[in-house]
Amino acid sequence: MEHQASKIAVQHLLSTPANRSQRRLVYVIGALICVLSLFAVPFARIQLVELPAYQPAIFSTVICFELITAYVLYSQFRINRLPSVLSLAAGYLFSGGMSAMYLLTFPGIFSKTGLFHAGTQTAPSLYLIWHIGLPTAIFGYVWFESKSKGKQLSPAKARRLAVMVTTVVLLSIAGCTVLTTKFHDSLPTLLKNGHLTSLFIYYISVPIIIYSVIALILFFRLSRGNTVTTAWLCIALLDRCLMYALSFAEAAVSALAGTWQSGTRSCARMRCYAA
């Protein structure tokens, strides 16, 4: 009996096929995000009433789900010991940490200019760095999957690698925060008089959009979205791309749509994990 049980393949989150209802939910959420993005563009220059509680409420939800996702993926890494899975966990840990720093340094929430003696350009700079993390993690996933072909690490090596990667991610978050707060006067002008500058839109956002789209294409070509996790990661990358596209509108509605997308995507992704 023990010999037979040992031969039973145990599926984990990264290898569990997406069933028809899960795929349908992915398509619905993806379509909803696209429609919301298109709907927001014509109204992008309308100035909305500022709600002080909005940013903390939305970003607290996003931060929680990003960190929960990082923990779920790290738990999967402990089971399968695949470097590609650790890359995804690191990406979400970085995303959760950077979104927390963005919230803490956002002007007018915890202090007039943000915590840690932040300046006007601190929050937009952290925002840009934040959204580079997940596409980079996806590139890492694709690279490891192509190189290792599903080869597992030894338990000892997996533990060492996990500690090293987690340390690097946490130090990166701390380093980015220190650099953008301590040297905020030396940062390029990304936000001026409440509007995003051409530097932010054309010279930084566009390359990040292209970077994210390439990551999405490579990831989809590799995975085809056939499993629960890969299907929702495609939605996560789509969400990132559309949020940056919305930055062209330079207005509060765009930010509203973008952060609402983040919350919707995070909630839907965790709903899929619970299914």
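Here the Cβ of each residue, glycine as well, is placed from N, Cα and C on the backbone.
A TrEMBL annotation is a machine prediction, not a hand-curated record.
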Candidate ranges 56-74, 227-245 [criterion: TrEMBL lists as transmembrane segment]: 56-74
Cβ contacts the transmembrane segment (125-144)/the transmembrane segment (25-44), at least three under 8 Å, sequence gap 6 or more: no
Taken over the domain 'Membrane-associated sensor' (52-247), the model's mean pLDDT: 86
